[in-house]
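Q: Questions regarding the structure given below will be posed in turn.
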Amino acid sequence: MALDNEAPVNSLGFAKSPAETRVVVAMSGGVDSSVVAAYLADQGYDVVGVTLQLYDHGAALAKKGACCAGIDIHDARRVAEERGFPHYVLDYENIFKDAVIDEFADSYLAGATPVPCIRCNERVKFKDLLETAKDLEADCMATGHYIQRKMGEHGPELHSAEDANRDQSYFLFSTTPEQLDFLRFPLGHLPSKDATREMAAQYGLSVADKPDSQDICFVPNGDYASVIQKLRPGAAEPGQIVHADGRVLGEHNGVIHYTIGQRRGLGIGGLSEPLYVVKLDVDQKQVIVGPKEMLATRRVPVREINWLGDAPFTSRDEWHLSVKVRSTRPPRDAIIRPISETEAEVELFSAEEGISPGQACVFYDPNGSRIYGGGWIWKGQ
């Protein structure tokens, strides 16, 4: 029997007033997280802004559009001053290097195409920062990600953003149920980024017209190879460009300069047929090229699976879901066959081109917006 004086639930799901609810907001210095902080402060919540200094490296520090570079820390602090809540900067450079940058470099050296933004969310923002938020006695942590947290029959669920063009679910598949219980995503229901900027203007935020961040924060101008060479001197060892039929077509200056599916910039012009990178043989220092049809893949082994379904992953022999194998591609119908709690074979109904080890394979409800988790692609067949 409910008591007459039972406290109403606030907008973040807590049975107490906003003033009694402490929220740590992860602030990158961009418009999205700034709007989240301003919105929650305006609603009367006890907001604490936290910005992570992740990377401080020459051009990357001053690079326009690099997440949590020097200018972004300044912008986050300024928003906190404008809206009247405390703001802290935490030095996470060593954690970020160990958990994200080193693996990024090693993955490229192994011939993979990594997605460091997922690892950053998984190992830094939603792990260490979340624990810091709890140390600050926060009730929850809010971010500016475009994704939705909805309450289901068995607890909180992860759902795609209302705006499909801004949806960041691919990059957040590794969010665990325990983390999801503590996280909040106030922007996930908005119809567009324009709505976010309108809110920023209404709050008078200095970042209202700030451009969106681009590329990977520690990779100035998208030049992956130069960053890897700095991190791993001697990584760019020359080798041969070889056709899948065995013909040697030319030389290259390092496997790190190539990715699966690449067509341009191969340095083997003058051929009658268009050729694509179909395999990177790191041991032999070879870049294997072939016709486009060689990129087509239907079977995708996946490991390090984070499962967000209600029933155990291995409770079924098959799961009929949709999957994304690249962030920019639409979900494809697939059958997921569990091998263990953290490993599976994914069979696509139709072949997909350019699937690369190191990318994520994210599981979606084929008839709705729910995300069922995902894992990491480690090879294609």
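Just so you know, glycine gets a Cβ as well, placed from its N, Cα and C.
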Q: According to Swiss-Prot, Ala26, Met27, Ser28, Gly29, Gly30, Val31, Asp32, Ser33, Gly144 bind ATP; so which of Leu52, Leu109, Leu172 is the extra one listed there?
A: Leu52
Q: Taking Ala26, Met27, Ser28, Gly29, Gly30, Val31, Asp32, Ser33, Leu52, Gly144 as the record's ATP-binding set, what's the max Cα pairwise distance in Å, rounded to a whole number?
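A: Those residues reach a largest Cα separation of 16 Å.
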Q: Measuring CA to CA, name the entry from the recorded positions Cys120, His145, Cys217, Gln359 that ends up nearest Ala26 (ATP binding site).
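A: Checked the recorded positions Cys120, His145, Cys217, Gln359; minimum Cα distance to Ala26 (ATP binding site) goes to His145.
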Q: Helix, strand or coil by DSSP: which one applies to Leu52 (ATP binding site)?
A: strand
Q: Whole-number Å only: compute the distance from the Cα of Gln359 (site 'Interaction with tRNA') to the Cα of Ser28 (ATP binding site).
A: 24
